[in-house]
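J.: Here it is, the structure in full.
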Amino acid sequence: METENQKTMEESTKRKEEKKKRSRVKQVLADIAKQVDFWFGDANLHKDKFLREQIEKSRDGYVDISLLVSFNKMKKLTTDGKLIARALKSSSVVELDLEGTRIRRKKPLGERPKDEEERTVYVELLPKNVTHSWIERVFGKCGNVVYISIPHYKSTGDPKGFAFVEFETKEQAAKAIEFLNNPPEEAPRKPGIFPKTVKNKPIPSLRVAEEKKKKKKKKGRIKKEESVQAKESAVDSSSSGVCKATKRPRTASEGSEAETPEAPKQPAKKKKKRDKVEASSLPEARAGKRERCSAEDEDCLPPRPKAKKRAQKDGVGQAASEVSKESRDLEFCSTEEEKETDRKGDSLSKVKRKHKKKHKERHKMGEEVIPLRVLSKTEWMDLKKEYLALQKASMASLKKTISQIKLESEMETDCKAPTAGSGQECSTQEKVSAQGPQFVTGVIVKIVSGEPLPGRKQVKDILATISEVVYIDLLEGDTECHARFKTPEDAQAVMNAQTEIRKKHSWNLEVLSGDHEQRYWQKILVDRQAKLNQPREKKRGTEKLITKAEKIRLAKTQQASQHIRFSEYD
């Protein structure tokens, strides 16, 4: 009985789990249908070359559902072909075949509409990482959005900051321009973003720019806070100074000590301040002193002439009255400042409250004001033409300056070469370099080492101390290499110094001759031909001009950085 009860309990739990597992696919089915209807819609197929070609390839216009599963947007929704077929059963744009594995358009694709540009608007000043759904939500208030294009950078994948939105009718596009064109005050006056990027080079990420902006803002806030704190501390110090002066009564003996000639001299401003503080301390201590020291005035104060004493007393009285006035003014100012700061704080808080209230009201009403610049695509096309014309003119001027620089450099070289003989020598050298190295016997030295040889430069530097080296044929990590010299005499000079080289570097040297020499010369010619036949990256148009200008700029900077050495006779 117990076993039967356990079995029934297990079955009931399994049924409950099965019921819980029931997936809710209503929203997913709706999203799949919407996405496929968009892909096979007129607006997308006129622009989507790949999908149009796939439809044209098949005889009856059917496309396999597995192709749709390979798309990234469909992967996010589902990878189940049956679920896609289930979602497209009630579609108004596409239809399934009998097996339910392929789909096609119900109506054939017509010609591309002529008013496409008039129905499209250009949008800039978009938020970073903008999405199609966000644009559809914002522009959907003005009409039915048919197509959205958000250009991205190939290297980083970041959006370029602008987009194109196509509406169903011209009126809807005009409405979007009227209601959504609200550019902020900081925005540039002239619309149209035409970002210039270097080909195959990464673009600095948007995060870096954001971080820089944040750092700048933080610095500005810190500076403001510091200035406010400094002002407050200055006010506090001035008020505390006055309070200290009134609290601490200084005796006449302290005053007399300060006025002795032994004390170091101070500037006039400091003296005045000190006198004021002393004066403020004296009147409070006076009342008590009159009672106590009426008879003992002579003991309290140092012996001085009577006239001086009277003058000092008068001065002290005036100073005391001035200080008391100043202290009152300070207190009044401080209270006024506090009141002003309180008023400002209240006003700021009120403004913030009002702003929040308005924002909430807008959200309730659905009137969200977004700082965007919206204009028609035809207007944007005119701006693009203007930009291209400017670019063309600037490139033409750059080309002109490059040609002028070339002419100037040629003129300089002509001035430097006055004799005809030197010119002939140069021409012969150019011909030789064009043809390649000519066969000369006894100029190639083979170097063999027990260990891997150092770099090409190091080997060349070692041999160059004995005679001039033309070329070193060496690959990294090799134990053998070939050194080509200008003349057989140079090669022989190296062979004569073989014993010294062997002691220092443990290299074995040998001059090539006979078949070995001929084979090596053939190898030289083959390697040279292979190098010349290598495919080179062709640079055309603006890219070619910019690279030329960059080379000239680098050459000029190098020339400017060189030291000018004057001879004794200059």
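Each Cβ is built from the backbone N, Cα and C atoms, and glycine gets one as well.
Pulled these from Swiss-Prot:
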| type | residues | note |
| --- | --- | --- |
| COMPBIAS | 1-16 | compositional bias 'Basic and acidic residues' |
| COMPBIAS | 213-222 | compositional bias 'Basic residues' |
| COMPBIAS | 286-295 | compositional bias 'Basic and acidic residues' |
| COMPBIAS | 340-349 | compositional bias 'Basic and acidic residues' |
| COMPBIAS | 350-363 | compositional bias 'Basic residues' |
| CROSSLNK | K231 | SUMO2 cross-link |
| CROSSLNK | K406 | SUMO2 cross-link |
| DOMAIN | 119-197 | domain 'RRM' |
| DOMAIN | 438-551 | domain 'xRRM' |
| MOD_RES | M1 | N-acetylmethionine |
| MOD_RES | S253 | phosphoserine |
| MOD_RES | S256 | phosphoserine |
| MOD_RES | S294 | phosphoserine |
| MOD_RES | S334 | phosphoserine |
| MOD_RES | S347 | phosphoserine |
| REGION | 1-24 | region 'Disordered' |
| REGION | 180-364 | region 'Disordered' |
J.: Could you give me three numbers for the domain 'RRM' (119-197), the DSSP helix, strand and coil residue counts?
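T.: Tallied per class, the domain 'RRM' (119-197) gives 19 helix, 18 strand, 42 coil.
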J.: Counting across all protein chains present, how many other Cβ atoms fall within 10 Å of the Cβ of K406 (SUMO2 cross-link)?
T.: 12
J.: Looking only at the domain 'xRRM' (438-551), what are its DSSP counts of helix, strand and coil residues?
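T.: DSSP composition of the domain 'xRRM' (438-551): 55 helix, 22 strand, 37 coil.
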